[in-house]
Each structure stands twice: as C-alpha cells, then as structure tokens.
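A short worksheet on the structure shown next.
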Amino acid sequence: MLVHETGVAILYGAIVGIIITVSSSSEKLQSFVSFNSEVFMLFLLPQIIFESGYNMRRKAFFKNSASILLFAFVGTLISMLIISFGLMLFVKIKWVPVNLSPRDCLIFGSLISATDPVSVLAIFTELKVNRDLFANVFGESVMNDAIALVLVQTFLKFDDTHPISASFIFKSIGMFFGIFIGSLAIGTLFGFITALLLKHIKIQQIPLLESTLTIVLAWVSFLLAEEIGLSGIASVLFCGIMDAHYSFNNLSKESQNLTKEWIHLLSYISETFVFVYLGLAAFTVTHAFKWQLILLSLILCLLSRFFNVYPLAWVNNKFKEKKKQLKKKEIFVIWFAGLRGAIAFALSLILDSKNGQILMTTTLTIVFFTVFVLGGLTQPVLKKLDLAYKDKDESLYKQKKKTRFLEFDRKYLKPFLTHQRYGQRELDELTQESYKITIKKKVQAYKEFEDKESKIDFVNENENENEVKSGWESEEETTTESDSDLFIGNNTKKKIKKESSVSDSKSTSTSSTGSEKD
C-alpha cells in the first residue's frame, strides 16, 4: 500500500479544495475553511504532543535515551545549521532569486528540521519492526518537534537588523537552553501536581473526572509556559511523560483505559484535521512558487538529514556494546524516515516576514514530497531490509539497570507521588514471576503425567493385544489339532468299517461254500 492514511487525509483535503476552488461561492467557502494558526497552536498541537509523551513506550525510550537525545538535540542543531547557512550561501551567490535575510534562513532552517513521521510510525506498527528502531525514530521525532519549536521561538525574538556575530550566536544558545529548561521544569511540575491530586482526591469512582483532570492540567501547563514566554510544546511533552510515569498509577483501572483512549482520540482527530488542511491549502491558499528555492531546500533537507544521522550513529555505536549498536540498515531507515509534516507547515504559517508566503509554499511542497514519495516507499524498503520484530530482542528489555536516578525514583518519588510503596513493584514482579514459574511447573508436571499415563495405556494396550493374539494363536492351534484328529479319526473309522465289511463278506462267502460242500 503506497498511499497510507496520512496521504489519504491529504488527498481528501485536496479534493475538497478543488471543489471549493471551482464552486461559484468559493470566496465564502475559502474564508470558512481558512486555517487559523492560533487555533492550531492553542488547541490542536498540544493534543498531538501530549499524546506523544503520554503513550510513549517508556522502557524502549529510556533504554535508547542516549541515542534519542543525541539525534534530537545535536542532530536538530546540525540540520538547522546546514539548511540555514546553506540558504545564506545560495542567496549570496545568487542561486536563489529571493532576498532572504539571515533571520529568515535561521527560522526556515529550524522549522523545516521538525520531523513528523506519523505515516512511517503507522507502517512500523503494522509491520511490527523491532523496538529499538521504533523507539529511536519515535523518540527523536517527539523531542525533535519540541526543540525545533524552541529554536523557531528563539529566532522570532530577534529582528532582521541583528547581524550573525559571535554575540548573536551565544545569545541564541543561551535563550534556547533557558526556554527549554524552563519549559521542562513547568511540564514536570504540572505532572507532579496531577499525580498528587489524583493520589489524595478520592475521585476513583468517577473515571470521567479523573481523565478530564489529567488532560486539562496538561493543557494548563501549555498555556502557562506560553504566557511567560517559554515553549508550551516542550512543557506539555514533559507533562505527558510525567503523567504516564506517575499519575497513571493513581488512576483506577477503568480510568487508565479511558484516559489513554481519550488522549489518543484527541490526538488522532487533531493530526487528521491538520493533514486534511494540508490538502486544502494546496488549492485554497495563494502560493508563491520559487522552484529554485524549493529544489535547493529539498536537497539541503536530505543532505542535512544524512550528515545528521550517519555521523551521530557512528558516535553512538562507539559507546555501546556490539549487540546494542544500531545496524547499517537501521541507520538507513532512521535517515529515510525523516519526513516533514504538520508541525513544519503550521510553523511556516506564523512567520511574520515579508517572505513568509514564499517560505510557506516551499515548506508545503517539501511536506508533499516527503509524505508521498519517501512515506510511500517506506513499506517496501522495510520489507526489503527485513527489520521485523524478533522474539530474542525481548530479553534485552528484561535486563534492568539500576542507576542512581532510578533508585531515587523508586525509593522517594514513586512512594511520594503514587500509591506505590518502595519495593512494592519489585515484590509484585517477584510474586508474579514466582506465580508464572509455579504455573509453568504445574503445566510441565501435568504434561509429564499425561505422557506417563499415555505410555502406561500404550503398554497395557500392547499387552492386551499380545494376549488376544496369543489366545487367537492357541485357539487356532487347538482348532487345527482337533480338525486333524477329526480328519484322521474319520479316515480310520472308514478304513476299519471297510475292513470289517470286507471280512464279513469273506466270512459269508466261506460259509456259503461250506454249505454247498455239505
């Protein structure tokens, strides 16, 4: 299937866009379906990012956290720098017929570095690729979105009068880390607040209220971070991770399932709406195509992704055991899965530059190319490379590493924020493991008992068969003997009778002869 669900949503939006364009009342319809970037940033994007953090496969994520953070932080910065300075060079040598300022280049390089492999991850799930590959692509995508957004927000605070100098670079780096760390702190704080409220407020009998409280507090963390000039996206991402790690344990069983389903539903609706609008925008938005800029930007995206993934994968493998290293075909898929999507396009709509329309059109074209061409080829590539999940990989996830942070988390944070006591999880796991072992032993004993019973039955059946056969043979022998005796006896009787008749005839003849003589 070359057209996946993301592509279908875009095609559906494109069909609607064509209908609106050719209709007589197109202006009214266009104003009705026009995309509001504020609505996207305030209501749609937080749901998408929160779901990414909440439904993250935490075991696989933390197992591959080093490579994920390496690709997300360092890789996004490398990608942004290659694209930004590449565009500055092309503008300077007149390869691009657009007068882009350094600020425009930096903002465009930041937003186009945001990967959004929704379609790739859907194919990963369908084909059941191995967990390490899934975790690296998914984790990098989640963290990469937050970092790209922080970079865009950082460069938007400058104006076109700022030249690229050492002070500008250091100031940008300082602002980036300040925004990111502050957003992380707010998201973590609201995650703790949600966990404590769910622990101490007795609302377990109302599952809907528990789910609503979890979602609303995450959204509040987003609004607060945005209000004080930080990144709401980074805040709601870490709030989702904290909620999944702590708050989830305080929910009732019904609320746990309900919350996961609600968060996934809201995220799916938001993503589908955005991709439908991508198709709409192809026909309902005024475009400014600069094909040289589009082609060069696409080449820079592919090159920046290559120089981002392969060198960092080599660095990552240098510090890992051989069995935990990324394989060549996995590295290729990570590079190949760097699609651009909804977030890059949405960020292009908030540009306040005079070249904003040109950059928006360029972004939309790159999104279409990566989603339909690279996304469409992902499934054949994965099948060709044979990256399906193997059962032997499961053992790697059962090996637990005791780090200082994990020990602190189990000893202090979990008991404080959840109903779980220190050592309870280990005891539960030990009990569950011993229960599994007991069941396994019982099943094994039952199988052995069944085998013995079947063997005994088999032996008994053989003995019975042998007895029956021996009985049959003795009867046959007896029958044969009696038949032979009977045959011999009859012949003897016939012979004796014949002999007696002969003797009687002789005696009669003798007596008759004697009487004649007399």
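Note that Cβ sites are derived from N, Cα and C of the backbone, with glycine treated the same way.
Taken straight from TrEMBL:
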- 473-484: compositional bias 'Acidic residues' (COMPBIAS)
- 502-518: compositional bias 'Low complexity' (COMPBIAS)
- 4-384: domain 'Cation/H+ exchanger transmembrane' (DOMAIN)
- 7-26: transmembrane segment (TRANSMEM)
- 32-54: transmembrane segment (TRANSMEM)
- 66-91: transmembrane segment (TRANSMEM)
- 106-125: transmembrane segment (TRANSMEM)
- 137-156: transmembrane segment (TRANSMEM)
- 176-198: transmembrane segment (TRANSMEM)
- 265-285: transmembrane segment (TRANSMEM)
- 291-310: transmembrane segment (TRANSMEM)
- 331-351: transmembrane segment (TRANSMEM)
- 357-377: transmembrane segment (TRANSMEM)
Worksheet entry | Paired segments the transmembrane segment (32-54) and the transmembrane segment (291-310) in contact, 3+ CB pairs under 8 A | no
Fill in: Distant-in-sequence neighbours of the transmembrane segment (137-156), which means Cβ under 8 A and at least six residues beyond its ends
49, 52-53, 56-57, 61, 64-65, 68-69, 71-73, 75-77, 80, 103, 106-107, 110-111, 113-117, 120-121, 124, 172, 175-176, 179-180, 183, 231, 233-234, 237, 333-334, 337, 343-344, 347, 350, 352
Discussion item. Please report, as numbers and ranges, the same-chain residues at least 6 past the borders of the transmembrane segment (291-310) whose CB is under 8 Å from any CB of it.
Written reply: 71, 75-76, 78-80, 82-83, 86-87, 90, 95-98, 108, 112-113, 331, 334-335, 338, 340, 358, 361-362, 365-366, 369-370
